[in-house]
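The following features are taken from Swiss-Prot:
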- H92, D262, D344: Zn(2+) 1 binding site (BINDING)
- H168, E299, D344, H347, K372, Y379: substrate binding site (BINDING)
- D262, E300, H438: Zn(2+) 2 binding site (BINDING)
- T201: phosphothreonine (MOD_RES)
Amino acid sequence: MAMNGRARKEAIQATARELLKFVNRSPSPFHVVAECRSRLLQAGFRELKETEGWDIVPENKYFLTRNSSSIIAFAVGGQYVPGNGFSLIGAHTDSPCLRVKRKSRRSQVGYHQVGVETYGGGIWSTWFDRDLTLAGRVIIKCPTSGRLEQRLVHIERPILRIPHLAIHLQRNINENFGPNTEIHLVPILATAVQEELEKGTPEPGPLGATDERHHSVLMSLLCTHLGLSPDSIMEMELCLADTQPAVLGGAYEEFIFAPRLDNLHSCFCALQALIDSCASPASLARDPHVRMVTLYDNEEVGSESAQGAQSLLTELILRRISASPQRLTAFEEAIPKSFMISADMAHAVHPNYSDKHEENHRPLFHKGPVIKVNSKQRYASNAVSESMIREVAGQVGVPLQDLMVRNDSPCGTTIGPILASRLGLRVLDLGSPQLAMHSIRETACTTGVLQTLTLFKGFFELFPSVSRNLLVD
């Protein structure tokens with residue numbers, strides 16, 4: 001039964017608010033995976049370890065992590081046998097950000113600063129004058145066992161700032177502002193004057209190992225937050241993050257104003273669709289495929305890592321699930337029967353820069369997820385994969401849009417072409433429309449969350465039947 005206008009808006013906003021929770025709990029890729037892990041465990045998925053043997057059973061649900069920054073979750077259909085296909089949705093856990101250098105201790109004209117490195121292709125000017133903090137992981141040595149352990153850290157208050165230079169000292173700042181990423185993107189942590197007032201005159205003598213690399217006040221903040229002593233911290237991987245939470249906005253609360261929508265929007269929709277598709281035991285019981293979500297780290301820097309889409313991770317997992325002594329070519333048989341949605345955000349047409357889009361391909365808010373096509377294979381979509389997803393979308397009532405870039409414009413890429421070429425897998429590139437991609441604060445629409453989630457859930461439930469009607473190799 002169709003929902004009335006009010007009920008539909010309530011459903012749209014409820015789903016969008018769940019995305020807000022997901023984003024606010026995920027200030028780094030490590031936190032993304034921790035949040036996904038928590039949701040999967042709550043939904044009855046069982047954790048696997050790559051280093052152990054697996055006993056994969058139909059109608060059961062599993063997940064594994066690598067580097068604590070990539071996660072793969074899958075549910076095995078009740079009718080699955082080795083050689084059957086995989087229904088996959090892939091996305092990425094990382095977003096452009098600034099990351100703390102291994103030796104971050106910097107001081108200039110009385111300010112204590114933190115040296116940072118750019119990660120990905122961020123719009124770095126948007127990081128100025130923001131209330132920034134730190135999130136990520138530290139590796140500690142347990143004083144009792146001597147083991148190396150990981151701890152997640154997220155200091156939930158502003159501790160860092162990158163101030164703009166006053167316009168009086170740079171009159172052309174509104175015409176030409178391009179910060180030098182090595183010199184101008186160094187956040188302020190504290191002043192030396194205040195540190196002396198807080199601590200008193202420091203004792204002369206050699207600095208400790210961590211104090212040589214990082215300011216003592218930074219280490220003190222981290223240790224206080226984690227309840228650790230400074231000498232227990234071996235290494236750190238820390239991202240800078242905005243402390244302003246993700247929110248709904250606009251006169252009708254139809255917009256999502258948030259950090260890291262590229263690509264936490266897709267991560268959330270993919271993961272929740274997998275969980276929701278398994279909520280009915282009957283749905284999974286009659287599925288001949290394996291439903292799978294693959295969320296990779298390091299997409300924003302090329303995916304060439306042990307936990308990235310360029311690695312052997314996906315192939316190894318698919319091979320382990322397919323393995324059968326009675327059917328030695330099960331993996332090779334499964335790949336042509338499989339399909340992946342490469343889920344990554346799409347550029348909505350901008351009201352102030354509409355000429356940047358090709359005139360017949362201008363995605364709008366509220367009009368559905370966007371199929372992304374590029375003849376130069378920057379996206380992996382083709383006529384076959386597009387037709388199959390259109391069939392699914394039609395059955396679940398989700399509208400679709402199209403995006404092709406102008407001939408005189410560069411085109412980004414995704415994990416789609418990587419996995420299509422690496423596995424020989426049929427792939428479609430698709431994403432929800434957004435504005436301000438790679439800004440510290442991005443913009444999407446509330447409708448896009450429910451539309452994308454509905455499409456993804458429909459894909460998991462319907463793809464096996466849709467694929468049986470495909471007469472193309």
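Heads up, residue numbers simply count up from 1 along the chain you see.
Yeah, the Cβs are placed from backbone N, Cα and C, and that goes for glycine too.
Projection of Swiss-Prot feature records onto the structure.
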residue	record	DSSP class
H92	Zn(2+) 1 binding site	strand
H168	substrate binding site	helix
D262	Zn(2+) 1 binding site	helix
E299	substrate binding site	helix
D344	Zn(2+) 1 binding site	coil
K372	substrate binding site	strand
Y379	substrate binding site	coil
H438	Zn(2+) 2 binding site	coil
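Local packing around the binding-site residues H347, H438 was summarised as the count of other Cβ atoms within 10 Å of each Cβ; on this measure the leading residue is H347. Between the CA atoms of E300 (Zn(2+) 2 binding site) and H347 (substrate binding site) there is a gap of 16 Å.
Between Y379 (substrate binding site) and D344 (Zn(2+) 1 binding site), the C-alpha separation comes to 10 Å. When each of the binding-site residues E300, D344 is scored by how many other Cβ atoms sit within 10 Å of its Cβ, E300 comes out lowest. Taking the mean position of the Cβ atoms of D262, E300, H438 as the Zn(2+) 2 site, the remaining same-chain residues with a Cβ inside 8 Å of that point are S95, P96, G120, G121, G122, N263, M437. Across the residues annotated as binding substrate (H168, E299, D344, H347, K372, Y379), the two Cα atoms farthest apart lie 45 Å from each other. All chains included, 28 other C-beta atoms sit within 10 angstroms of the C-beta of D262 (Zn(2+) 1 binding site). Rounded to the nearest whole angstrom, the C-alpha distance between E299 (substrate binding site) and D344 (Zn(2+) 1 binding site) is 10. Counting only same-chain residues at least 6 apart in sequence, those with a Cβ under 8 Å from the Cβ of K372 (substrate binding site) are D344, A346, Y379, S381, L403, M404, T414, D429, L430, G431.
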